[in-house]
Amino acid sequence: MPLASAVRGRPIRARVRRLRRRARLHLTPRPPPQRLMSTRLLPRITPLLPRRRPNPPVTPALAAALARVLAARATDPTWPRSLAALLPPPLSDARLAAAVSSLADPDLALALISWSKSHYHHDAPTTPLAHSALLRLLARARRFDAAEATLQSMSPAATPTRACLGELSAAYADAGMDRKAAETCARARDLHGALPVARHCNRLLRLLVERRRWKDARNLYDEMLADEGGADNYSTCVMVRGMCLEGRVEEGIKLIEVRWGAGCIPHVVFYNVLIDGYCRRGDIGRALLLLGDMETKGFLPTVVTYSVLINWLGRKGDLEKIGSLLGEMRVRGLCPSVQIYNTVADALCKWQSASQAMSVLKQMFASGCDPDVVTFNTLISAFCREGNVRQAVKLLREAIRMDLEPNQFSYTPLIHGYCIRGEVMVASDLLVEMMGRGHTPDLVTFGALIHGLVVSGQVSEALIVREKMAERQVMPDANIYNVLISGLCKKRMLPAAKNLVVEMLEQNVQLDKFLYTTLIDGFIRSENLSDARKIFEFMEEKGVCPDVVSYNAMIKGYCKFGMMNEAVLCMSNMRKAGCIPDEFTYTTLIDGYAKQGNISAALRFTCDMMKRRCNPNVVTYSSLICGYCKIGDTDTAEDLFANMQSEGLFPNVVHYTILIGSLFRKDKVFQAAEYFEHMLLNHCSPNDVTLHYLVNGLTNCMPSIMNSKYSEAHKKNALLDVFKGLISDGLDPRISAYNAIIFSLCRHNMLEKALDLKEKMPNKGYSPDPVTFLSLLYGFCSVRKPRDWRSVLPNEFQQVELEIICRHETLFDQHVDKSVSCEVSRVLQLYVEEFQSIQQPEVFAGS
């Protein structure tokens, strides 16, 4: 009888029994008062049901014997008799079900069911309980094909129990098979008039929510509510979590209010879900308000509550609020979990530095919370991003010392970091160590190794790694191919790049816009515009729409070859395709026209650029300044230089170099020297081109420097003043130019650049002289390293050289602080005293 009919039938039978008792009372004599009370109470006491004799239990010894006999059926022909002796007749369904449940191996259980059918074929018993027990075993082992076959084999009279169907549905849900799980739930409803119990339905409900199937999840939840006791706290919590995942936190709150008390008693987990929902929606303020509201409702936040908040605050980089919550946890007596510490460490790595994140590791040790491998992986990755691979390796060794098992996420950043540094052998050793620990390199590890090698310029070694990938049956993805082809194009190894493109097409790896653009740029770098144009056209034929970067690469190629009409036409096609030209587009065209000396066209595109609210950048100004210098209009170039600074753009070495070279060519040595002084004051280090212009300019303009009478402002220029003083003393003009530049660098604390220039002098055919060492001495004293002067000064000077040094000391002192000149004087005095002490014994020996 169905459950609902049985419940409806109970009041009728009870009423009939009461009427019969009343009839008996009217027919019998009235008993005494004491007996009357007993007569009234005793019939109301429900008599105990007769105790059913239970089936003998399947003891562990019997279960082991059954498993042993069934396992030996392939070698023991007498196994059916042995089984019959262990399970003598009559074998009830319940007894057989208990025997099936005692077996851990579903194959043995299937053999037992098959034996029972053949052994008791005359009686032909229906065994729904035994088959249900078998279904539970198959469900736990995820033997779904066998479970379906078992269901099909069960006769209509032997229906599976509601509990076994529930377990099967839960197993389907755990395996991600939502359709089969729903079908099994529906079968339970059809056979038993109700869904499986809540703990089984909840597994399907959770899967539907995870897959964002909100309508199906809501229907299942409503159907569970319709069954008596069919939905519990967990069911409601799953639905609330689903609403929060969609950002519908308010609907989740309403559902809790509706269900409050109706078989649902919300607790702190509900608040954790709602707080996570607000944070996920980006409304951390509401989440913090809900945290305060918890206490008013009588709920105390847990470590999980704080973990949710700290996780989302860490993503936003709100380190101050994280510190406040950690302090609140300490006040409540809650110890942060390792997950919270990991979140804080990750936030510090992203928003501050890896060194500051190390303090988290120290706090964990101090609080007795053992870090896990995620803690170390977070710090290792951060230090590798900052280039401090030495510290990252120390952390790896510390993790191993603590008996933590490093994984691929531990080794991959280190392999990448060492490759970028050019230490390929160290990276290879780490890869071997990772494999020795049982971690097979995957696509991410190989990708990190290849990227690091390409960045360090070792493209050939990266190709060898790709071959090793193929040997291990790990095929490169589009990203790895892109990195390799980009490296090959930059090295102008275009045949190898073409081979990789062919390989990509053979492996059905889709070529993307980035790859096409890389190839176009590579061909242009190799002076092969025709092939670059073919790639661009092939890209359009394959249905890959060029983007702004692709068009810019082609425009750059046309400008490089002086094909300005084609470059402008390409820009027009770019607009027709819906791509808006950017700063790079305009700057490339402006630079192309400027190099041709077509300033009017360059200015026209500059005006168009500004009309379209695309502001000129430093490269735009470089092109214009270079264009005006090319036609000899240095006055306009200087005006552009000043206008650039008024726009808040900082000039770089290119701007200074262009102006210095052009001004020297126009014989405007004083303006050129002033720009060099301005360059050093702004801490802009000159490059080789700048130094070449300076040396040639000073040497070529020497007559005008010597004959011109310049103002006081010009006299204060250290470069010209020192150069003029040195050549006036009869020293070599070219070496004097080098010495004047070295002294100017030293007085502006650019000692490393000065030392580098001193090392390059012999390659140019000029040897450093005593004045060179005097200039560097000013540099050592300016950076407060006077003791290091012996690393550049020779062990001894000749008397004439010492006189030259002392004679020019006064000239140099005019352009440095008094403290520096005093320190230089002190060092020279010590050197002279040492020189005299060495020379005096030689004099006595000669006499």
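Each position is counted from 1, following the chain as shown.
Just so it is clear, glycine is given a Cβ too, placed from its N, Cα and C backbone atoms.
Note that TrEMBL annotation is computational and uncurated.
Note that the structure is predicted; figures quoted are calculated from it, not measured.
Straight from TrEMBL, the features:
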REPEAT    267-301  repeat 'PPR'
REPEAT    302-336  repeat 'PPR'
REPEAT    337-371  repeat 'PPR'
REPEAT    372-406  repeat 'PPR'
REPEAT    407-441  repeat 'PPR'
REPEAT    442-476  repeat 'PPR'
REPEAT    477-511  repeat 'PPR'
REPEAT    512-546  repeat 'PPR'
REPEAT    547-581  repeat 'PPR'
REPEAT    582-616  repeat 'PPR'
REPEAT    617-651  repeat 'PPR'
REPEAT    652-686  repeat 'PPR'
- Item | Intrachain neighbours beyond the repeat 'PPR' (512-546), with Cβ under 8 angstroms and 6 or more residues off its ends | 478, 481-482, 485-486, 488-490, 492, 494, 497, 501, 504, 553-554, 556-558, 560-561, 563, 574, 577, 579
- Note on the structure: Tertiary contacts of the repeat 'PPR' (582-616), defined by C-beta under 8 angstroms and 6+ residue spacing from its ends, are 548, 551-552, 555-556, 558-560, 562, 564, 567-568, 571, 574, 622-624, 626-628, 630-631, 647
- Tally of helix, strand and coil residues over the repeat 'PPR' (442-476) according to DSSP? 26 helix, 0 strand, 9 coil
- Query: Any residues 6+ beyond the ends of the repeat 'PPR' (442-476) with a Cβ under 8 Å from its own?
  - Reply: 408, 411-413, 415-422, 424, 427, 431, 434, 483-484, 486-488, 491, 493, 496, 507, 509
- Per DSSP, what is the residue count of the repeat 'PPR' (547-581) in each of helix, strand and coil? 26 helix, 0 strand, 9 coil
- Six or more residues out from either end of the repeat 'PPR' (407-441), which same-chain residues have a Cβ under 8 Å from its Cβ atoms? 373, 376-377, 380-381, 384-385, 387, 389, 392-393, 396, 399, 448-449, 451-453, 455-458, 461, 472, 474
- Query: Same chain, outside the repeat 'PPR' (652-686) by at least 6, Cβ under 8 Å from its Cβ: which residues?
  - Reply: 618, 621-622, 625-626, 629, 632, 634, 637-638, 641, 644, 693-694, 696-698, 700-701, 704-705, 710, 714, 717-720, 744-745, 748, 750, 753
- Message: DSSP-wise, what's the residue breakdown of the repeat 'PPR' (267-301) into helix, strand and coil?
- Response: 26 helix, 0 strand, 9 coil
- Item | DSSP-assigned states of the repeat 'PPR' (302-336) in counts, ordered helix, strand, coil | 28 helix, 0 strand, 7 coil
- Query: Going by DSSP, how much of the repeat 'PPR' (617-651) is helix, how much is strand and how much is coil, in residues?
  - Reply: 26 helix, 0 strand, 9 coil
- Go ahead and report the DSSP secondary structure tallies for the repeat 'PPR' (477-511): helix first, then strand, then coil. 26 helix, 0 strand, 9 coil
- Helix, strand, coil residue numbers for the repeat 'PPR' (652-686) per DSSP? 26 helix, 0 strand, 9 coil
